[in-house]
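Contents: one structure, followed by commentary.
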Amino acid sequence: MESPELITALRGRRVAVLTGAGMSTDSGIPDYRGPDSPPANPMTIRQFTSDPVFRQRYWARNHVGWRHMDERRPNAGHRALAALERAGVVTGLITQNVDLLHTKAGSRAVINLHGTYVHVVCLDCGHGMSRAALDELLEAANPGFRERVRGVDSIAVAPDADAVVGDTSSFRIIDCPACGGMLKPDIVYFGESVPKSRVDEAYSMVDDADALLVAGSSLTVYSGYRFVRHAAARGVPIAIVNRGRTRGDDLATVTIDNGCSPMLALLADELPALASSA
């Protein structure tokens, strides 16, 4: 496989990377808009905080789905980006995913823009706990619930660990052990803002690079698209690798309609060698 225009756009440059859900489809995590995605819309922060039934349904589905997420492993694309970072080509990575697969692959300079699935926080007192610790409490409150639904491997699980489960009306949720308040996964829901400090850190990462590579994101939501606009305003090359069109195509130097794994593996093979021979 060859892609000379992609190589040319990034050759000899220090590259910041922005990744989205399409990055993890080869690891068995469907994206929200792909053909294999679960037939449901992501829950909004308003639904989660204002409707006990929505909240109960979310935690029941997450109770099944989070282990599926925890068992996923990095794919060739994740490993390629980690290799490019070790080679000094990639300077840092901003991911819209909450699956931690970049970290599992060995990437070090990672900004988890929307948080991660492994941490839970209380919206009232700020108390935090691991998702694994909460799992023990939920399992004790709902013995046998997981076993009563079909096996995790046959259940569609969304990028936020939301599994498609039928009846959730009997599921008991857990309140904050510190204050009795409302627990929420420490991820940014639709309708919620990314913390400003995290956004500023991501802008700095883009500013410190000579090019921006987008992998597996349609850039539909502004939280990621803003960094493409920022890079375009700086006049640095922008390369987009994604299956299908993206919101940022008109700002891009080069667009590649292809999967992330093969194209990023190509970059990992080509760019370090070109840098060492320059």
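Note that Cβ sites are derived from N, Cα and C of the backbone, with glycine treated the same way.
Annotated features, as they stand in TrEMBL:
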ACT_SITE  His114  active site, proton acceptor
BINDING   20-40, 96-99, 216-218, 242-244, Cys260  NAD(+) binding site
BINDING   Cys122, Cys125, Cys176, Cys179  Zn(2+) binding site
DOMAIN    1-274  domain 'Deacetylase sirtuin-type'
At the level of the C-alpha atoms, what whole-angstrom distance separates Gly20 (NAD(+) binding site) and Cys125 (Zn(2+) binding site)?
31
Closest to the residue listed as 'active site, proton acceptor': which of the binding-site residues Ser24, Asp99, Cys122, Cys176, Asn242, going by Cα position?
Asp99
Highest Cβ count within 10 Å among the binding-site residues Gly20, Gly28: which residue is it?
Gly20
Measure from the Cβ of Cys176 (Zn(2+) binding site) and count the other Cβ atoms within 10 Å, all protein chains considered.
20
If one measures from the C-alpha of Cys122 (Zn(2+) binding site) to the C-alpha of Gly28 (NAD(+) binding site), what distance in angstrom results, rounded to a whole number?
30
Name the residues of the same chain, 6+ apart in sequence, whose Cβ is under 8 Å from the Cβ of Asn242 (NAD(+) binding site)?
Gly20, Gly22, Val214, Ala215, Gly216, Ser217, Ser218, Thr255, Ile256, Asp257, Cys260
Nearest of the binding-site residues (Cys125, Cys176, Cys179) to Gly28 (NAD(+) binding site) - Cα to Cα:
Cys176
Could you state the CA-to-CA distance between Cys176 (Zn(2+) binding site) and Asp99 (NAD(+) binding site) to the nearest Å?
24
Can you tell me whether DSSP puts Asn242 (NAD(+) binding site) in helix, strand or coil?
strand
Those residues of the chain, 6+ apart, with a Cβ under 8 Å from that of Cys179 (Zn(2+) binding site):
Cys122, Asp124, Cys125, His127
Report, as a single number, how many Cβ atoms besides its own are within 10 Å of the Cβ of the residue listed as 'active site, proton acceptor'.
22
Taking the centroid of the Cβ atoms of Cys122, Cys125, Cys176, Cys179 (Zn(2+) site), which other same-chain residues have Cβ within 8 Å of it?
Leu123, Asp124, Gly126, His127, Asp175, Pro177, Ala178, Gly180, Gly181, Met182, Leu183
